[in-house]
Every structure is written in C-alpha cells, then in structure tokens.
Amino acid sequence: MIQPLLVAICLVVFPYQGSSTILESGKVRDYEVVYPQKIPSLPKGRLQRREEKTKYENTMKYEFKVNGEPVVLNLEKNKRLFSKDYTETHYSPDGREITTSPPVQDHCYYHGHIQNDADSTAVIRACDGLNGYFKSNGEMYIIEPLKLSDSEAHAVFKYESLEKEDETPKTCGAIHNSGESDETIKKISNTFVTPEKGEEYLEAEKHIELYMVADNLVYRKYSSNITVVRMRIFEILNYVNLYYKILNIHVVLIGLEVWSDEDKILINGSSELTVRSFAAWRHSDLLKHKRNDNAQLLTGIHFDKRVLGIAFIGGMCNNFTSVGAIQDNSIHAVLIAATMTHELGHNLGMNHDTDSCTCNTGPCIMKAALNFKPPYEFSSCSYWDFQNYIMTKSAQCILNDPLTTDIVPTAICGNGFVEEGEECDCGPPEICKNECCEAATCKLKPEAQCASGACCEECQFRRAGELCRAAKDDCDLDELCTGQSAECPMNHFHMNGHPCQNNQGYCFRGTCPTLTKQCIALWGPDAEVAPDGCFMNNQKGNYYGYCKKKNGTNIPCEPENVKCGRLYCIDDSTEENSCKFHFSNENANSGMVQPGTKCGEGMVCGFGECIGLETALGINQ
C-alpha cells in the first residue's frame, strides 16, 4: 500500500504584536521617512482613452529616494490572484452560514520591480498607501505608510534592521501516515507518465485553485473584523503567487472561509491531528459545495514543538490529502507566505532540502527550518522532486485554467508600460528621453524598429547572433539576438543529461549536481570526494551508511548504488585511510548524495539508487 507522507516544518516563532504596522510593534531600530511621488500616466491636459473606471489602476509608478538615491517603483496589478467564481463564507453568531461572491477584480495587490534593476522584485499592497517589500541590489526593504495616503510620509527600512527575538533555526522530521487505505491514493500513486508527457506537463502553465480557511483564533486575533482577516490573507497570497511564478504555477484564490462563530474541526497543539481533522472536513464537507484543488488552514493556535506548518507530501489533487495547516505566528506577511509556500511545496511532492541542495540567492524555500530571513527561491533538489512528482502522479487538477479575473486593460499611452496596441511607451512627452519613440502616440518614430530592449541599439534590432546574455555556467546557454526582436530570448539551458563540469555530472534543469560540489558545500573549498572505498560503508545499513529509509529502517545500498547513499569526503584535516561524512540527528537526509548526481556513465542518483538518465531526468538519450 502506498502511504502518503506528512511533513512538519519547525520555524522560529515571532509572536504577533497586535499592531497594524511593523513600526508600531517597536521592533524597528532605524528607518527613513520618504514621500513617494506618483508618476502620472498622462501629463495634465491630455485626453485619456476611455476605460472602465477603477479605484486601483492596472499599472502604477512611484518615485522616492532611499539613502539619497532615487528609486522608481514600477507596479502591475496581480490579475491572477482570484478566480472568477471566488466566494467568501463566514458565519453569524448563531452559526448560520453566509456566503457571498464579492467583486474582487478591482483590488490593490501588486507585483513589480525597481526600474533599471533587473534582479529586483516588489510585492506591494496599495490600498491605503504603499505597504510591502521590495528587493533591490541584493537588499530587502520594507515600506509602509505613516499616514493613509500613497503620497504622504512613508517609512522605509531594511529588513535586516528589524530586531530579532530568536535567530536559531529549528528543525523537524517527517511523520509517516500509516492510517490511509483510500483507493484513490493508490491509483494516483501508481500512475506513471512517459518522459515525453512528463516534459509536456512541466512546460504547461499550471493553476492551483486554492481555498483558504481562517480559524476562530485568527478571526479574534484581528479584532473579529472580517475585512482585516481578508486583507491579511490576500497579502499572504500575493507573496505566495510570486514565489510560484518561477515554476509556471499560478496560485489562484477560489474561496475564503472565516470560522467567525466557532471552529468546524478539532484544532489543538498537535499539528498532525489538526491537519488530519482539516483534511477530513475538506473531504466530507467542503468538496460537496465548493470545488478546489487544495485547501490551507490558517490558524492562531501554537502547535507543539514549535511546528509552524504541516502538509501531506504529494497530496495535491487528492480528495483526502490536498491540504496543509499554517500557523499565523508573525506580523510579517512574507514569513507566513514563506511557510505556506513551503507546505504547498510538500503537497506538490517536494521534500525538505538537505545541506547539499543549493539556491542562487538566500535561503531555499524547502529548508527544513527557516530563520528570520525569508527564503527567495526553490533549490535544485526541489526542482527534482517536483519533476518526479509530475512524472509519476501527473496532478491533472492543476493543469486546467480556472478562469481567473485576468482581463486585458485598455492601453494608456504615457504610463511607461508597453501595452496591447502600443509599439513603445516612454512616459509623458515632458519626461520622455527616448529618441526612438513618439511619446504623444506611443508609436515608433519613422524607420525605427525598436525603442528599448537588450537587442535594441540606436533604434534598430541588433544583428542576429549578437550576444545579449552570457552563459553563467556549464549548464546555461548564451542567449543571442535573433535580428527580428528587441528582446533577448528567454533563458535556456542545456538539455537534461548534457555532460557538465568536465564530465563529472549531467545537467538537470540548469544545474550541475556533482559529488565534488556537494563536498565543498559541506566542508569548504578544499574538500574533495573520498576514495571509492569509503562509499562501501553504505552497504552496512547503519546510521552513517545506507541508501534510503523504509518505515524508519536504514536500507543498505546494493553494490551498484553505493555512490547514491551517504556522501563521503576528504580534506586537509582528514587522517590517512579515513573519510568524512555529515550526519544530523535532527535531519536524517542531511549529508546524503543529492538526487541527479552522476553515479556512472549515463547514470544518476534517484531514490537512493543509481538509475539511467532516461528514467531519472525524463529524457531520451
């Protein structure tokens, strides 16, 4: 019988301060007062094209100074936040269910970036002033209004300037679910997708129709105010949306339920009992009157053992296990969003990262423990797990389009955004400095082919074959201008299975996992892979030498799989005829060889075995 797995994540606890702003919590050591100036979409006196009146524009641009340097914040409304059939449910004091379908298209939740900073991001709530985060030049900043207006005083401060109560990361382990006997789980778990179909699934745009539930403690925590609760959840989901864009997944809110009278399930300090109770409620109650792909419970309870979130591994699309439970433990919406992103990752088949899993910047989302610094991206291991999940389970429910409120807005010339029907948009004529664009009409000047872009030079397309983005490593590819477009083509990588690092490894979704890189990650730049004799320890099946675990038992490696178990390394401090390995009582997977690592010619590690490239990476050799 295939048994789904529950994983709990333990994080640092930062208690809610009972305040509407971070500044009022008293945890900010230093901040700067700024006055954002909204850059008008159109100069005074110009006629704006007719469009439906909305309170919140589809695109906005603000300018202010941070540390004396000008910052231009470009914002675009997150039009993939809600499903068209979005509903809200709460309960009267006598327990009567009240369900409405409120208009949510004209909302105030935005994603964006800092102008002229390609690696910047921004997540902003613009309901009453600008409230949120932006990342620029590797620094994460918080902005929040001091008064309820987008043009009056705002506070800007570095995230790192916040006082931290407990910086020690906490860890936790996996819990086997031994009680499931559902036939649906068996059928889904035994499904296998061909490599060709799996690649098709990976490239397809995916949508998770998410149903959010706030328990009675959360409702009371926010002064028993439904509006405040919904704003909190919308803000959290706006962050979650941004995290999943890299996987081509849109997390779309299909419903919000607030247990305003009393909890509908048993919620207590046991995270496992709570999530099982929530899963049973979803199956027996929720799914009968509201379709959804996944449901997440936001609770005000403090789980035992500092657990902040829990979910079923690989439970997505399953009527019994497509759920998670998240503790609302922090004033910072981004930290709650990080936990929810992590738990959704488990539902999508992702396991906890080990020490050898790497990210380009900052902490990885699927680390078993998080500290005060929010994560930025999924690791190479998470990509592997997600690909394996798609290949073996297919998760059909996330492949349908949920009919989001993604309505194409009428183009407005002069707002600085190139929209449908425009050839360019350099802003109002009085500020436009682009020699290729007619600011008044948003059309290219005569004989101009382009106005901006990495492959645009002096108003003409750069020649085909000219470099516009250099390869970063062995598994990346140079991007070249096509001669037919101003934009640099999308980032492409060598095919999965392409040899890399002097034939030490094979490319996997743009990374090159090798034993050497993993040793260096664990032991420093002088570390090397240990002699083959050290890996023979993996045939012992003890705590320091095994290939995989089954029901808590260490399974020894078969001789052909020894390079896919515990990782053994050496460095200058290693004594002769000995080898080093990494072991942690708190994280059993720590120090194991990373999936996708080369273990022979045409072979890579997967599931504690040395298997063929075609099977492991979903490719045809």
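The count begins at 1 with the first shown residue.
Glycine is treated like the rest: Cβ placed from N, Cα and C.
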Disulphide bridge to Cys481 as given by Swiss-Prot, partner from Cys455, Cys456, Cys459, Cys507: Cys455
Of the candidates Cys450, Cys459, the one sharing a disulfide with Cys456 in Swiss-Prot: Cys450
Cysteine paired with Cys605, where Swiss-Prot records a disulfide bond, from Cys557, Cys564, Cys569: Cys564
Which listed residue (Cys397, Cys450, Cys507, Cys564) has most other Cβ within 10 Å, given these are disulfide-bonded residues: Cys564
Close disulfide-bonded residues near Cys426 (disulfide bond), where close means Cα within 10 Å, chosen from Cys317, Cys459, Cys579: none
Within the domain 'Disintegrin' (410-496), residues counted as helix, strand or coil by DSSP: 0 helix, 15 strand, 72 coil
Fewest other Cβ within 10 angstroms of its own Cβ, chosen from the glycosylation sites Asn225, Asn268, Asn319, Asn551: Asn551
Fewest Cβ neighbours within 10 Å, where candidates are the disulfide-bonded residues Cys317, Cys579, Cys610: Cys579
Pairwise CA distance, Cys397 (disulfide bond) versus Glu343 (active site), rounded so that it is a whole Å: 18
Residue among disulfide-bonded residues Cys488, Cys507, Cys605, Cys610 with Cα closest to the Cα of Asn268 (N-linked glycosylation site): Cys605
